[in-house]
Amino acid sequence: MVLGCLPCCNHNGYQQIGNTGPRFGVRHLQCILVFFGLAVAYSLRVNLSVAIVAMTDRNASNPYFPEFDWNESTKSYLLSSFFWGYVVTQIPGGYLSAIYGAKYMLFYGVLICSCLALLTPFCAVNGGWKLVVVLRAVQGLCQGVIFPSTHTFLSKWAPAEERGRLVGYTYSGSQFGTVVMLSVSGYIASSSLGWPSTFYIPGCVGIVWSFVWLYLCSSTPAQHPTITPNERRFIESSGQTRRPSDAGREEQPRPPTPWCCIFTSIPFLVLVLAHCASNWGFWTLLTEIPTFMKNVLGMDIKNNGPLSALPYFAMILLTCVFIWLSDTLKQRGTVIPLGFSRKFFNTLGMWLPMLALIGLGYVTEGDANVRLAIGLLTAAVATNSATYLGFHVNHIDLSPNYAGTLMGITNCAANFMSILAPLIVGLIVWDETNPTQWRIVFFFTAFVYFIGNLLFMLFGRTRVQPWNSRPTTRTPSPGGGGERDEGTEDRGPLIGA
């Protein structure tokens, strides 16, 4: 990541390298903190899915803590209640973060979720499962602002030259938190701390992170008290390499959000479809593959924490690999159209999982085939990380001023897909031991991946959209950059931008 550059820093913590900005600066510290914030948020998101095993089976954990007689229907309510609230605050989260600052939306989102996590064991013991359902739904409401606020934050802090790299590294924090929680929760629940500690530990960590974040971070470079003028200039203008999308950056009061223009923009609508297709495949894999492997292949991985964490761990590693590939192409001096870069990585992130799903459709029972299925599942989930350099960062390309709002809209629609996908699977698979029915599921999901990426390849754009800002509010580049060049629609000097 950026830590390897630390020896190059001077006594002030920065190395000035002309108009390219410091090798390690305030922007990197901001992204590192967002990384850990997303890690905490996702650990709070998945902790119930692993703790519920210990809460309903005393033999699976420390027997000296309460056990709950919850049937499968009750468990379904508990596990899905988070998403009831999560989809509601996606769009308001992006809108509010642009008005009040992403710093404060992230602070309150993580802090309230952490406090609610501390209350969960008490509510489960004294209020029953219905109170826990309400608590989880409220947690979802608070977490719904985190993802779009993160995008708003990155749109202000990530220079064009480093945009793909910083977005990729930052969002891998969500996988890091998932890996840690899935890997250690079983051991914690079986220890003397018991299953309540799976809520207490991430809750306390989240509270600590919130106040560290409040002290060290600012919503924009202009508001940060210790940023150097050189780094601020690099972030806000990127000198002569400034891309059209950065010409729309502004510290002036924003005009009203152009809702009509946003919802009639073809590049944005295609972005919505790409996000929905990606979420459909991702959540189909993570929610249904364990059932397939248990009933068709005879292996139960759902209650195996380290094995369940394997796809997420591989996803973190491949995120680094894809960023390295992007940087390698850039360092060779290859001038590649930015649109091609986005579509290339998006294709890797959606069509490689598509091929893995087709392969899963032909896997049959047997020890060797179980290992093959685990490999294909891991590959399908891990290669999806390439989309961090594809459609995930495209929100900022289209509109740096409304990136959080755009992410809120697309993530809201995409999370409806995460709810709808398991329901569709239930209609197709009525006999969970029938490989033919599962093959239909895999082929249909592969088709969704194919169509989603094909539309993004045909109609996706990287040029800043006209509705990003009013022409009268745009200011000249402090680094010498001029007005927008209409002839540079989908070209950029760096593939990793």
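Positions of Cβ are set from backbone N, Cα and C atoms, glycine also.
Feature annotation from TrEMBL assigns compositional bias 'Basic and acidic residues' to 243-253, 482-497. The domain 'Major facilitator superfamily (MFS) profile' annotation in TrEMBL covers 35-464. Per TrEMBL, region 'Disordered' is recorded for 229-254, 467-497. What TrEMBL lists as transmembrane segment is 32-56, 76-98, 105-127, 133-154, 166-187, 199-216, 259-286, 306-325, 345-364, 370-391, 403-428, 440-460.
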* **Tertiary contacts of the transmembrane segment (370-391) (same chain, 6+ residues out, Cβ under 8 Å)** => 164, 167-168, 171-172, 175, 271, 274-275, 278, 281-282, 285-286, 289, 293, 297-299, 301, 307, 310-312, 314-319, 322-323, 326, 341-350, 352-353, 356-357, 359-360, 363, 456, 460, 496
* Would you mind listing the long-range same-chain contacts of the transmembrane segment (345-364), meaning Cβ under 8 Å and 6+ residues beyond its ends? => 164, 274, 277-278, 281, 285, 289, 292, 296-297, 322, 326, 372-373, 376-377, 379-381, 383-391, 435, 438-439, 442-443, 445-446, 449-450, 452-453, 456-457, 460
* Average pLDDT across the domain 'Major facilitator superfamily (MFS) profile' (35-464), rounded to a whole number -> 86
